[in-house]
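Below you'll find the structure, written out as structure tokens, and then a few comments.
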Amino acid sequence: MGALTWLSVVAAAASTALAMTPEKMISAPRRSEVIPNPSGEIGVFSTSQYSFEKHKRSSWWSLLDLKTGQSKILTNDSSVSEILWLGTDDSTLLYVNGTNADVPGGVELWVTQVSSFTNGYKAASLPAAFSGFKTVTTKSGDIRFVAYAQSYANGTAYNEELVEKPLSSARIYDSIYVRHWDSYLTTTFNAVFSGTLKKGNNKKGYTLDGAVKNLVSPVRNAESPYPPFGGASDYDLSPNGKWVAFKSKAPELPKANFTTAYIYLVPHDGSEKAFAINGPDSPGTPKGIKGDANSPVFSPNSEKLAYLQMKDETYEADRRVLYVYSIGSKKTIPSVAGNWDRSPDSIKWTPDGKTLIVGSEDKGRSRLFAIPATARDDFKPKNFTDGGAVSAYYFLPDRSLLVTGTAIWTNWNVYTASPAKGVIKTLASANEIDPELKGLGPSDVSEIYFKGNWTDIHAWVVYPENFDKSKKYPLAFLIHGGPQGSWADSWSSRWNPKTFADQGYVVVAPNPTGSTGFGQKLTDEIQNNWGGAPYDDLVKCWEYVNKNLPFVDTEHGIAAGASYGGFMVNWIQGNDLGRRFKALVSHDGTFVADAKISTDELWFMQREFNGTFWDARDNYRRFDPSAPEHIRQFGTPQLVIHNDKDYRLAVAEGLSLFNVLQERGVPSRFLNFPDENHWVVNPENSLVWHQQVLGWINKYSGIEKSNPGAVSLDDTIVPVVNYN
């Protein structure tokens, strides 16, 4: 492995917790999943870290010893964007160089040795910004790969750096989408490409065999991966290198109105046009199953393809069901554990091809479950991981799994687990490595259940540093988005409960009606009920905390939320619960009911409110924070955040709310980021976001006076416009 020194990444936890400040949270190292080598001895992972001193991000790749938990740096070259192990060779790596000496905007593929990373050679030059590489090594020693890039309709890869800037900035559309998430649609789209690195004779290295092939463009209107969140999990390469499977939304349906997606199968060489195994004309399509399909994964023998699919064609939070397709079969594709009341989101086959390991939300966690590949629909899977949230998992030679995950108290946790033994050994955890996270641990978090509107409801409770149950701490009441989402035992760099708590709060983060991971009925009950049962659940949560948690000061509490959580904060402002908080924070939330028609994904609103804007208008207005009877109750100081590139909920929603608050004389502030979307991800912007959010709530909760180290609005580092 060379002369590099292995460093211990598992150290004794600090005896005293250190406050999680916004600066620490944002600048803490962010590590990727750990990918093991074929022998299971070491794993490779990437790290990136932002410096507020240098105002830039650095990145590097490391190796993790899977026996000792020690690590060493493999390369500090920030242009290396991906690294893959080649075949069954423990010593050879393929890496992607994000720069291209020959083609600006392209990438290069390099082959190198673990022991001498810098002595590799260039195997291929690719003409665009390809990413998401997957490889298999054939019996002849060739490397077959797939990756994706932007594409023109004619199948040519799109390279932004080689495109001449148009003379006009006009955009013209004859159909929707016009814009999606944070981008206006153009004539280019994502596509999966295939290629082969040919093994040379007489120890000659690998070279690209011809040009890469676009596997998606022959299917009119197809796109894979599907933006904005699609990636390498939207496609797969069979272990024998013969087949490629990819997901695409239904080409024949308006994409803004339907969630329907198909899984396509195509030869790796593109010799035949891709066909949908579960499309409307496919003989094996399960009856009545028309929703989103995703996560195609080939079996080890390349004879079967597992995937997930929802039933409803307009519902993004429908229950995903596991299906296993036999390559070439015309029989109806069978479901596996089809009655399971959970919604799996990832799949891995066991090496023997007999069992499927799936990840799924489950009671505020993201857990792993083992399911026989031929299981009947009444099979009830059992989890074999417990706390935290699983991010990725890979099989080791002993058939255990190398798992990478997070938790509320750590942004990186690496351990081994198996269906038979559960969690076996923790190899590394960021809270025991990084100074920024030192002292965080499972004791920072607990959970409660309380009687909600119609069923028991779950909530997380997160404690401040040096928590003393004999003292009182103001309540920070956090409301999640979605609405079909959840507060999970996972790390977030945007809404981090521990960062709120360490200002001096006890955070309560409930999972009310509409939340995911607690059974499909709880998720579905929010339909046409946005301000009904969920609001009642939140009221009952506040009442439970007030009565049963004596260390929580509800008299000086605050409430904050984003997206649907932002809507709920706006709804709370105009209802009785709003009077129980000293301050409110609404991030990118809806305010004016009639403005919902401006969103990008129309199927979402039409499903949520049981019809179109014109046919079901009363439903859209049923829970309208901007209704006069609610506006007249506004009185709690409120921070409003809304960003220009949020095309899910247009910035006019935030401006409308701020106008009303100002006109009503309610203490209020408007925070806007012109370059951010529904989220705030730029580190410098994130720091300002945290300064404003925490400074706002600290001012009105009294934390600013009681905790000298707390964030204050006096810390504001950008000019504040005030004409008064």
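The count begins at 1 with the first shown residue.
Backbone N, Cα and C define each Cβ position, glycine as well.
The Cβ of Ser563 (active site, charge relay system) has 23 neighbouring Cβ atoms from other residues within 10 Å, across all protein chains displayed. Feature annotation from Swiss-Prot assigns active site, charge relay system to Ser563 (among others); the stated evidence is similarity to another entry.
Taking Cβ-Cβ distances under 8 Å and a sequence gap of 6 or more within the same chain, the neighbours of Asp646 (active site, charge relay system) are Asp182, Asp588, Glu676, Asn677, His678. Look at Swiss-Prot and you will find Asp646 (among others) tagged as active site, charge relay system.
What Swiss-Prot lists as active site, charge relay system is His678 (among others). DSSP assigns His678 (active site, charge relay system) to coil in the three-state reduction, outside any helix or strand.
Look at Swiss-Prot and you will find Asn76 (among others) tagged as N-linked glycosylation site. Residues near Asn76 (N-linked glycosylation site) in space but far in sequence (CB under 8 A, at least 6 apart, same chain), listed by position: Trp60. Secondary structure from DSSP puts Asn76 (N-linked glycosylation site) in coil.
The annotation N-linked glycosylation site is assigned in Swiss-Prot to Asn97 (among others). Taken residue by residue with DSSP, Asn97 (N-linked glycosylation site) is part of a strand.
According to Swiss-Prot, the feature N-linked glycosylation site maps to Asn154 (among others). Asn154 (N-linked glycosylation site) falls within neither a helix nor a strand when secondary structure is assigned with DSSP, and so counts as coil.
Taking Cβ-Cβ distances under 8 Å and a sequence separation of 6 or more, the neighbours of Asn257 (N-linked glycosylation site) in its chain are Thr314, Leu602, Trp603, Gln606. Taken from Swiss-Prot, the feature N-linked glycosylation site covers Asn257 (among others).
In this structure, Asn383 (N-linked glycosylation site) is part of a beta strand by DSSP. The feature N-linked glycosylation site is assigned by Swiss-Prot to Asn383 (among others), with sequence analysis given as support.
Per Swiss-Prot, the feature N-linked glycosylation site maps to Asn453 (among others). Sequence-distant neighbours of Asn453 (N-linked glycosylation site): residues of the same chain at least 6 apart with a C-beta under 8 Å from its C-beta are Pro512, Thr513, Gly532, Ala533, Pro534, Asp536, Asp537, Lys540.
Look at Asn610 (N-linked glycosylation site): DSSP puts it in coil. Residue environment of Asn610 (N-linked glycosylation site) contains 12 other Cβ atoms, counted within 10 Å of its Cβ in all protein chains. Per Swiss-Prot, the feature N-linked glycosylation site maps to Asn610 (among others); the stated evidence is sequence analysis.
Sequence annotations record features per position, and here Swiss-Prot assigns signal peptide to 1-19.
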Worksheet entry | Distant-in-sequence Cβ neighbours of Asn154 (N-linked glycosylation site), under 8 Å, six or more positions away | Ser217
Worksheet entry | Surrounding CB atoms that lie within 10 Å of the CB of Asn97 (N-linked glycosylation site), all protein chains | 20
Worksheet item: In angstrom units, rounded to an integer, how far apart are the Cα atoms of Asn610 (N-linked glycosylation site) and Ser563 (active site, charge relay system)?
Response: 20
Worksheet item: Near Asn383 (N-linked glycosylation site), which residues of its own chain have a C-beta under 8 A away, given they sit six or more steps off in sequence?
Response: Asp362, Arg367, Leu368, Phe369
Worksheet item: Could you state the CA-to-CA distance between Ser563 (active site, charge relay system) and Asn97 (N-linked glycosylation site) to the nearest Å?
Response: 37
